[in-house]
């Protein structure tokens, strides 16, 4: 095979010479990118008013998981949410009343991913079983949901993330096998696969616009990639973190995204400028960031860390606006509700916390 691989090389070319050439092209590209980037985001934001303190009005704690809560997602109805845990349970909650509306015990532990369907009538989940399964939610609280479980996605390693596209009919997954994939929920058919990461993919997020047809993924190769869902092509790639990217999340406009990394920083990338425009870090923040989400306005970035805190960053100024305490173990997921009024955090302390704030 080595001989065959080398037959494709032109006269005088070696693998080493091609590597050197690709490295010098990469450096040139970086230089060109830097020429475009003569100004940082915080310089543009100098004249913008400083944010007042974040006033959290109500806090609720959701207790019911017997082990680490690994993921959660809001329903479009702005009040229900789904969570999944290392205990193999998936629970649907009413965030206002704290009622558990549904509970499913899966045969496998470490349910690392869960998502609410856009209609609110189904949830998806997956993890160490290498699958993503969908359950319809019925009005009958006593119905055995696991009997109606449908396996949709099959990866060759754990499922790290899942999200429905604009309808209940398709689901997008990311996996420890280094790929992302788009599946048809009804037939379980693979519609498109996305190859480009060189290690586990840990997170994905769908572009917010209906027409966007793009998504972002991040993983253990320290890269964040933007994909075209229709063609399967990797259309942009960003590599500035020094360690695994644990989470990626689009800015509300869809023109930018943020990432959270084990290198203890969160970063902000402008897609039109094709570059990183802000780094959120402090000398005192030394633990990895596991999860990020934006406020509805996009002014705040909520970031959960392995030191049990949630740091709230001023996206434009690059400074820390607030810090939220309460969890007793690492924060695995933060998600702002669809109407922007509540923040939910999931943690390895077996709980979820929901905070309603004066402004998010």
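Every residue, even glycine, has its Cβ placed from backbone N, Cα and C.
Automated prediction, rather than curation, is the source of TrEMBL annotations.
From the options 15-42, 43-70, the stretch TrEMBL describes as coiled coil is 15-42. Same-chain neighbours of the repeat 'WD' (62-94): 100-116, 118-120, 123, 125, 127, 135, 137, 329, 332-333, 335, 337-339, 341-342, 344, 346-354, counting only residues six or more beyond its ends whose CB sits under 8 Å from a CB of the stretch. Within the chain, the repeat 'WD' (238-279) has long-range Cβ neighbours (under 8 A, six or more residues past its boundaries) at 33, 36-37, 40-42, 202-209, 212, 216-220, 222-226, 285-294, 296-298, 301, 303-305, 313, 315, 318.
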